[in-house]
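Colleague: The structure's right below; bear with me while I get my questions together.
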Amino acid sequence: MEKLADLNYTLGVITLLNDTLHNILEEPGMVYFPYVASALTVLFTMHKASLPAMKLAMRTSQCSYRIIKRVVVTLINTLLRLGGYNDYLTDKDETEKQINRVVKELRQQLTMIEKLTTREIEQVELLKRIYDMMVVRHDREIDMSKETNQKAFNTLHDWGNDRNYDDNTDVIAPL
């Protein structure tokens, strides 16, 4: 494990890769060299980056399984993104977090809907009561004799049929 962080070991691996690539290039039918070189570079970089991180994580963490799972998922997601895919892997914990978040939002929306329907029902009941109070009821006569002084006013029967309502009467006032 100490070889992983050693500079000579790293240079030896790079030299081995270069020799391998030069041997492959000598063959006349090799046209995929840039793709092979890119893939080997990515794999080597991931190898150099992930092993020391995993070594450190195994020493310091008690839950090494979760760390390894998280590192593997991250590496696979990196490879998928480098390959041009928009899909990605999620571990079970992340999926459960997303499900819990969605369920929480649904519960909040349901409580809001319940509150709104309760308010709407109360408003409809209030409008019904207001309508009932405003409806004119024709079943009972309102006695207006106490409201105005009926002695000072002539009724239609008092005017009689021979007199026109538009006829003026002479008013004489003292000067």
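Cβ coordinates are placed from backbone N, Cα and C, and glycine is handled just like the others.
Below are the features listed in Swiss-Prot for this protein:
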{"type": "TOPO_DOM", "residues": "1-28", "note": "topological domain 'Lumenal'"}
{"type": "CARBOHYD", "residues": "Asn8", "note": "N-linked glycosylation site"}
{"type": "CARBOHYD", "residues": "Asn18", "note": "N-linked glycosylation site"}
{"type": "TRANSMEM", "residues": "29-51", "note": "transmembrane segment"}
{"type": "TOPO_DOM", "residues": "52-175", "note": "topological domain 'Cytoplasmic'"}
{"type": "BINDING", "residues": "Glu120, Gln123", "note": "Ca(2+) binding site"}
Colleague: If you average the pLDDT over the topological domain 'Cytoplasmic' (52-175), what number do you get?
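Modeller: In the predicted model, the topological domain 'Cytoplasmic' (52-175) has a mean pLDDT of 74.
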Colleague: If you draw a 10 Å sphere on the Cβ of Glu120 (Ca(2+) binding site), how many other Cβ atoms land inside?
Modeller: 10
Colleague: In whole Å, how far is Asn18 (N-linked glycosylation site) from Glu120 (Ca(2+) binding site) when you measure between their Cα atoms?
Modeller: 76
Colleague: Taking the Cβ of Asn18 (N-linked glycosylation site) as the centre, how many other Cβ atoms fall within a 10 Å radius?
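Modeller: Cβ-Cβ neighbours of Asn18 (N-linked glycosylation site) within 10 Å number 11.
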Colleague: Using a Cβ cut-off under 8 Å and a sequence separation of 6 or more, which residues in the same chain sit near Gln123 (Ca(2+) binding site)?
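Modeller: Counting only residues 6 or more apart in sequence, Gln123 (Ca(2+) binding site) has no Cβ neighbour under 8 Å.
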